[in-house]
Every structure is written in structure tokens, then in C-alpha cells.
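For reference, the structure discussed in these notes is given below.
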């Protein structure tokens, strides 16, 4: 943060995106991270964690719909039990609860203060999802929860902060962690994770794909443009192949499974999001790294 007026968000060690800030609603250094709620001049209300924009009112729906719906629509059966790790704004939870079949949505976040801020300032994100009777909110470390849970899930959604070295999410992008997730999935289940930016950290994006494919065998990658992130943003899915869904299948499953409106995701945006451009696809052939606990991948910024 540069004073109270500008956020200088470092995308790489040698470039940043400057955001003009109109107002600061709340700011606190929690035991886990530095959390700030602001009003951006261009993007409206927004959440910043450790100097990185997490989401803004302008385009959060694009991120959250592409994170959730390709996974849940590609499951062979409509999901009943869904686990969310992270996603403190409540918007991922909001999208999961649009599924008529969902009986229980467990959301695990390490930082109670983020949830508190979201409930107070980010209604446009959660839209009451925290109070839904199907919601189970757990405040704990994600890895601790995974190690201790006795339940199994139809889908696991990882809406985590970037794998910045020594951050709270640093080790939640490794082969060993994904193996733990595989162990608590029901048969036919799948996972998705936000996978950083093909624009600024292409090697990380591809390595996350490689790591998930190593564990789940079936994997696919999507991307979209996020104006508030100043570039492309990526997602990786494991255990299922949403990229193989036809446009007709996407449309029919939206009608069958979802109650409520979608603002971004439809058959056409699905097709475009999984149509990786040639220059990005070529990197999947060149980069072979798999992220492990001994040699984890991380965003350099």
C-alpha cells in the first residue's frame, strides 16, 4: 500500500498495477495476513489481502462462476456434499448453493476476521449464503481440516490465496496435498483450484496443472480475463473433464442443476474459457515440473 490513496499491486518483481482508492472501510493485521476492505475508483468495493487484490465488485462474478460451475456441471451426478477451502468473501459459497442438489456446503477458512469483514461489508458477494441452512462454516487451517475430517465430498473447491512463499496457502498447491484431497472425494468426484495468472506466472499455472494431472490423471485448464487483476486468470480441474462438455450439455445441465441467475458463465463462455491460445498451450508441452513439499512452486511477486 502506498499511503491511503493508491494500492501498488506487484504482479511480478518488476511491474505493478496501480489502483486508486476512494475509501478504506476496514483494515487489520490478523495473525495470518493483512486484510483491507476498500472502495476502488474504477472497480468499486474490493478485498485486499497482503497487498494483493482478491476480488472486486466489478468482476468477482466472472472469477467465482468460472471457478465453480465447470466443476459442478461436469460431475456425473449432481453434487450433494461440497467442500470449499478459502473463499472468505462468501461468493464461492453463493455459487455452490445455487445447485438444487446440494445438501451441505462446508466452507473452511483460516481467518475469522475475513469472514467477519465479509459479513459486514461484502453482502454483494455472499448474498446471505453464510446464513443458508445448508452452510457449515469452519474456522481452521485447511490442511488441519483435511487431515482430520471423516467425511467425503462430491466436489472440493480451492479458492485460496496465491502460493506466495511463506503465505498461509503456500503448501496447498503440492502433490502431497492433492493426494490428501483425492482421499476424501467420493467416487466420480472432482476438484478445482484457482491457478494464478497465465499472464504473470505462466510457469506456476502450468505446474499446478501438471501436479493435479499427476494425482488425478484427468485434468483440464481454463482461463479468463480479469480486469481487476490486470491480466488473464487461470483455473485447473482434476478428476473430471469439463473441457469435454459440449455446449448443449452445458446448457442442459445449467437448466437441470442450477436455480438462480448466472451473470457470466454459459455455453459460449465455457467454450472460450477452455480454448487455450496456442502460445499458452505450447507451454504445457515444455514445462514438466510438478510441485511437491520438497520443491513447491510459488509466485515470485
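Just so it is clear, glycine is given a Cβ too, placed from its N, Cα and C backbone atoms.
For the S-methyl-5'-thioadenosine site, Swiss-Prot gives 33, 141, 142; the one candidate out of 59, 109, 166 that the record lists there too is 109. Those residues of the chain, other than 33, 109, 141, 142, with a C-beta within 8 angstroms of the mean position of the S-methyl-5'-thioadenosine site C-beta atoms are 32, 85, 86, 108, 110, 111, 140, 168, 169. Under DSSP, residue 64 (spermidine binding site) is assigned to a helix (H, G or I) in the three-state scheme.
Proximity to residue 64 (spermidine binding site), judged by a C-alpha distance within 10 Å, picks out 159 from the recorded positions 33, 109, 141, 142, 159. When other Cβ atoms within 10 Å of the Cβ of residue 159 (active site, proton acceptor) are tallied across all protein chains shown, the result is 24. Here the Cα atom of residue 142 (S-methyl-5'-thioadenosine binding site) is found 16 Å from that of residue 89 (spermidine binding site).
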